[in-house]
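Participant: Submitted below is the structure of interest, expressed as structure tokens.
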Amino acid sequence: MKLLLVLPILLPLVTALVMLPFRERSGVQRGLGLGASLVQAVVAVALLSRVYAGGILTLQAGGWAAPFGITLVADLLSAVMVAATALIGLTTSIYSLGSIDRERERFFFHPLMQLLLVGINGAFLTGDLFNLYVWFEVMLISSFVLLALGGTPRQLEGSVKYVTINLLSSAIFLSAVGILYGVAGTLNMADLSARLPMIEQRNLLSVVAVLLLVTFGVKAAIFPLFFWLPASYHTPPVAVSAIFAGLLTKVGVYAIMRVFTTVFTGPESEAIFRILLWIAPLTMVVGVLGAAAQYDLRKLLSFHIVSQIGYMLFAIAIQSPLAIAGGLFYIVHNIIAKTSLFYISGIVRHKTGAFQLKKIGGLYSTEPLLAALFLVSALALAGIPPLSGFWAKLMVIRAGLESEHYFVTAAALVVSLLTLFSMTKIWNEAFWKDDPGVIKVTDEAHGNGRTALLYLPVVMLCGVIIFFGLSFEPVYELSARAAGQLLDVESYRNAVLGGGL
Amino acid sequence: MTFLLALITGLFYAAGIYLLLRRSLVKVIFGIMFLGHAANMLIFSTGRLTKGAPAFVPEGAQALVEPFADPLPQALILTAIVIGFGLQAFAIVLFRRSYEELGTDDVDAMRTTDRIEQVGGGES
């Protein structure tokens, strides 16, 4: 049963390695990628149900007991994130079958996608700060190559910005880990949570906390550190920017959630939450205002990623069980809605030949299904009932009111309105207004069979959005239990340290 | 010895940050390298510094005998160095390729992805 814990990491890794000899045979690579993603989804569901039923799962690699060896831990938070990753991995591997060109496939697009999933799943499952660093790097190097793959000037320029800021944040992360080891003498998260309250050098711990916030903040694109995101996410092919948009920033949010709830529990966390209460509304507002100025579909959506991160930070900063549950639900909902919107932008580009809103129009009459799918995703993002975003937002805002953070809650409500406005802008420009007839370069190379491959993932994700919206009860149950487990550091510690082997 | 190491670590950080703030991509990559080494040196110095006392358990003893240097930070650095080399090698190739494609290594000239709207361009 412990195997279940390594499979989310091992499976994509092995798949990637098996794919490598088949460079010239893209058919084999595609089949392997799709098959592995399907198995991955099954594994993730099994892991989630197992953790839901039996509590926190731990695995000590090589049989080395907890603080000394490498620990893998899956509590409900990790399991939910792994499940979301598997869903996005599955849909993206379907989507990439219909949209990635042969040349990129020859240069190992599919293995890189699997390696990206290795890094993301590793980051979710690790129980050790240094391993978190390592998984971050695995994730980053795959994302660097995916971003630059194809080598158009715009891609390269976006990559330069993305790579530089991420290498800088890695150096900061490494420094923070070094200082923390010097102060506490351990890097195991459970062990740290037990030892940190006894440490006397509080000022050093504050330094570490802020350094970690900066590192994860860069990854999560929080307010002053987000500028790389809209500069790079719109340059690669849609399949790549969709998986980036869905998952990469959320790994940063997950790290913030994990480190400042499980590892730091004392005054350092309090200080970080006070900072987050300022950063959260700024992130929301700046993101949505940045989006308002954009007319490039993917850049507009990129700014919305930033804006939505603000809600998650707000939820983390409140720290009540309801807020954490809402934040977790929000993360999952956002992963799904955001990825779906990026897929839709790819279909729009496929049908009309452009991402610029000014150049496209009239899609409502020619593509009614696409219009419907866009409405579902966009209204979910804006938080219109009965879609998933409404419940997520409701939980976060209710928690905000209960904890009397009226200013931030007001900002969250106003930003919701602006998000709705922004989505209406896309609707008006791309779907409602008459086709300006500027360009019509529909790629004839893509047949109808491949268009179906583009639609299928969006239909799947919209189905999940509607399911979440309509059957709120079990989803709430799950996120509430995950939040309870996350806030109960004692049981996490016991599961990791007490179990021995 | 500790003082020297602290000085070098500080110099590495200073040089790294200074170079990162320059406009040339070549200097940026050197800055990243310096920062990586600075972080490694920092971890190295947290593991206590000893001279001529390897971290081996002597014959007959059950545990390490003081004074010894903590071997774990050195293992961490080893991993970090390998990862750092990989990333830096990739960054060098990427920066070279972008210099060739974009015709400039001036970071300030790389602004096309930040513009609000390109009326003409904007291909996938």
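Just so it is clear, glycine is given a Cβ too, placed from its N, Cα and C backbone atoms.
Predicted automatically and left uncurated, TrEMBL annotations should be read as such.
Owing to the predicted nature of the structure, the values given are computational and were not obtained by experimental measurement.
OK, TrEMBL features for this one:
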DOMAIN    A:127-419  domain 'NADH:quinone oxidoreductase/Mrp antiporter transmembrane'
TRANSMEM  A:32-49  transmembrane segment
TRANSMEM  A:107-126  transmembrane segment
TRANSMEM  A:132-150  transmembrane segment
TRANSMEM  A:162-184  transmembrane segment
TRANSMEM  A:204-226  transmembrane segment
TRANSMEM  A:238-260  transmembrane segment
TRANSMEM  A:272-297  transmembrane segment
TRANSMEM  A:309-332  transmembrane segment
TRANSMEM  A:369-394  transmembrane segment
TRANSMEM  A:406-427  transmembrane segment
TRANSMEM  A:452-472  transmembrane segment
Participant: For the transmembrane segment (A:309-332), I need the partner stretch with the highest count of C-beta pairs below 8 angstroms, choosing only from A:32-49, A:107-126, A:132-150, A:204-226, A:452-472.
Facilitator: A:204-226
Participant: For the transmembrane segment (A:238-260), name the stretch out of A:132-150, A:162-184, A:406-427 with the most CB-CB pairs under 8 Å.
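Facilitator: Comparing A:132-150, A:162-184, A:406-427 against the transmembrane segment (A:238-260), the winner is A:132-150.
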Participant: Any chance the transmembrane segment (A:369-394) and the transmembrane segment (A:162-184) have 3 or more Cβ pairs under 8 A, given the pairs are 6 or more apart in sequence?
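Facilitator: Between the transmembrane segment (A:162-184) and the transmembrane segment (A:369-394), which are separate recorded stretches, there is no contact, as judged by 3 or more close Cβ pairs.
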Participant: With Cβ-Cβ distances below 8 Å as the criterion, list the same-chain residues six or more beyond the ends of the transmembrane segment (A:162-184) that contact it, or say none.
Facilitator: 129-130, 133, 136-137, 140, 143-144, 147, 192, 195-196, 199, 201, 204-205, 207-208, 211-212, 214-215, 218-219, 225, 228, 231-232
